[in-house]
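To start, the structure itself, in structure tokens.
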Amino acid sequence: MKLSEYKKINFLYALLLIFALWQAASVLVNKEILPTPLSVIEYIFKNLSKEIMLHISYSFKRILIGLLATVIVGVPFGIIMGYYKRVDSILSPILYFNYPVPKIALLPIVMLFFGLGEMPKYIMIFLITFFPVVVNIRDKVKSISEEIYYPMYSLGASDFQIIYEIVLPATLPVILTSVRIGIGTAISILFFTENFGTEYGMGYYIMDSWMRVSYIQMYSAILILSFIGLMFFIITDIFESFLCPWKDKS
């Protein structure tokens, strides 16, 4: 059996375990507070309207744009800092100073400068995912032995060629792992930001359902948000299978 088939089977087992524990918990407590997974799934299929699809599309777009911005900006930053020691010595203190700052505390400042529209949500997702990506990639590049570069140096290769031929392939698994970590943190920050200055998004939809004491609607929205995150994980895995085929063989 191939590794990919094992992954699919383990994934199904994990889903069954989650739903079994959920079912058991709903039997033990009040079903009004914790409805069964089957009732939540049934509610989702019966109530997939244009309204909820609009909420889903807003959340999906915000996560996608925030993560793309992180990859476009964070990956070059991490590679450059890891490859050029002088750049790393200049930028590392700035990175270390800003990394520990709780990014959620910056939301009022971001909203003050950029208003209540879409931009603060993109910026918050970018801020919370940017620093881990940069640090992980920089550390990976710094861990590459300089001896690996010597053959390229002897052939007169430029820094760009070395980065493209050696550094980038070596850091691809770390980049994709950082993106996976970023997906979870992006969804967490999205839930918070969507409760300010908007009436669209799964975060708003969840809190609105809770305030209206519509618990089954609230759980259905949480489940949908989980599947949005799952979709991003699957997309990342597909990219990894094409970009890092050696990982499946190892």
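Each residue, glycine too, has its Cβ placed from N, Cα and C.
Heads up, TrEMBL stuff is auto-annotated, nobody curated it.
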- Item | 96-116, 117-137 - the one TrEMBL records as transmembrane segment | 96-116
- Near the transmembrane segment (162-193), which same-chain residues lie under 8 Å Cβ to Cβ, leaving out any that are not at least 6 residues past its ends? 59, 62-63, 66-67, 70-71, 74-75, 78-79, 82-83, 103-104, 107, 120-121, 124-125, 128-129, 132-133, 136-137, 140-141, 144, 148-149, 152-153, 201-203, 206, 225, 228-229, 232-233, 236, 239-240, 243-244, 247
- Item | Tertiary contacts of the transmembrane segment (96-116), as residues 6+ beyond its ends and Cβ separation under 8 Å | 123-124, 127-128, 131, 135, 189, 192-193, 196-198
